[in-house]
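Visitor: The structure follows.
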Amino acid sequence: MATIKPAIPKGTRDFSPEEMVKRNYIFDTIRTVFKKYGYQEIQTPTMENLDTLTGKYGDEGDKLIFKVLNSGDFWAEAERRNQKAGNPEWSSKTLLPAVSEKALRYDLTVPFARYVVMHQNDITLPFKRFQVQPVWRADRPQKGRYREFYQCDADVVGSESLLNEAEFVLIYQEALSNLGLKDFTIKINNRKILSGIAEIIGKPELIVDMTVAIDKLDKVGLNGVTKELLERGFTEADIERLKPVILLEGTNGSKIDQLKAVLTSSETGLKGIAELELILEYVSLFESQTSNVEVDITLARGLNYYTGAIFEVKTNEVPMGSIGGGGRYDDLTGMFGLKGLTGVGISFGADRIYDVLQELDLFPERTSLTTQVLFSNFDTEAEKFALPLLRKLRSEGISAEVYPSPARLKKQLGYADDKKIPYVVLIGSEEMQSGLLSVKNMKTGEQAKVRAEQLFMYFKQTTDAGV
RNA sequence: GUGGUUUUAGCUCAGUUGGUUAGAGCGCCUGAUUGUGGUUCAGGAGGUCGUGGGUUCGAGCCCCAUAUUCCACCCCA
């Protein structure tokens, strides 16, 4: 067999032992906070049926779904079905469903909605679930953008209360602070406010075009936004009316006041403002800070599905896309036939958070995660001598290993060195005769004599002391 | 999907207008130390120059295609 060049698909990554320690630290920190707020973990399959996913993420999103080719003779099967249908010409639109019926998970929200509908008889509403799993997008990779990445989602379905939204603000604050981030902004907006604005200028059908354009304010400036609005069907007069909203500044309170003034004639818009106000009030009633919560009217992500609150989290310490986002869907499960169930949720982008923590050097030192004790291996006799001692240490909860072959001691100590193992127990003929083992401290280079029976006590004390 | 960029030893990277045998640092292996690492010293191995075509007497260098890296758009975690 020809040897092939080892490689992994574009936008995917291997994770080394060191990276996994750090990644698990992030996952564990976020998980702990989710649990603390009453969320329970579920998992869903890597693959979903293709029709479960298509049409849920907009045209752009559908293109980014990784499709799985049918197994078996997919081509013969496709032709067979095509004949039944009277042999129309193949097009990319008809060929796809004929050769692919499964796809990789694109996010965690849609599979969750599917889950809720499938298990509606087994769950109690409101249902609060969290999920930490990889998702896949056939995007072009770049900084902070991967084709396989992990999301940490928490959603609650079946509760209209804005208390949920407020708690999500707290969850963001708590989880990100626990991870050591100091300066981040939780941006919040409301779809109803955007609808209200579009309504006021008499172009409710252009709400998406409007928000996509004003979302770019900090990137292209007012002139750029104006240009884009004109291209998207707005008039100069519309833009004049939009200007005060686009250029909204000041504290959350003053932004809200200004919006109220603009939206007086829009019932929807005022409802959105009332929701926003209540969420902020809840947050402060929790005696939590609102200084890193920012009302941002230009925030428009996920507009295809969000109906109420919209969240986005950005770190201000390093340049990076958003590290989290979320919002409310009034009809989360409707697409799967269960009407009238509202849902709201948030997501943490673990891979981006990793990149941020890495750049800010915020990962904690944790030395105890490697092997604590290595038994040297001089020969078969010494190896046999070491095994009961090894078992004893492990039964005491001390992670230990024996070098698996009688290699030169130099090599064995080099192994301990590379793996940052703090102690090596040397067992040779001398030690076996006297029962006094040589314990080498790899940091200081010092060697102590320890009785074989005392060995576990010796390490229990030293490792407990955090060496 | 659009535009640009990267690829040379295990790793990070040099490599002149196209010209003999493609280099460095680190790592690795061996020895100084037949039971002592991390430091030091001496020596050694390791390269289809991303891949496939082309131009040329001659290509790491020029041309085309393709993959890959990173970046900016679109969009998004």
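Even glycines carry a Cβ here, placed using N, Cα and C.
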Visitor: Quick check on the annotation: TrEMBL has A:Asp107, A:Leu108, A:Thr109, A:Gln151, A:Asp155, A:Arg301, A:Tyr305, A:Tyr306 binding L-histidine, so which of A:Arg137, A:Arg140, A:Arg145 does it put in that site too?
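Guide: That L-histidine site, as TrEMBL gives it, pairs A:Asp107, A:Leu108, A:Thr109, A:Gln151, A:Asp155, A:Arg301, A:Tyr305, A:Tyr306 with A:Arg137.
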Visitor: According to DSSP, which kind of secondary structure is A:Gln151 (L-histidine binding site) found in, if we only use helix, strand and coil?
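Guide: A:Gln151 (L-histidine binding site) sits in a strand per DSSP.
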Visitor: Write out the long-range same-chain contacts of A:Arg301 (L-histidine binding site), meaning residues 6 or more apart in sequence whose Cβ is under 8 Å from its Cβ.
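Guide: Result: A:Asp215, A:Ile310, A:Glu312, A:Ser322, A:Gly325.
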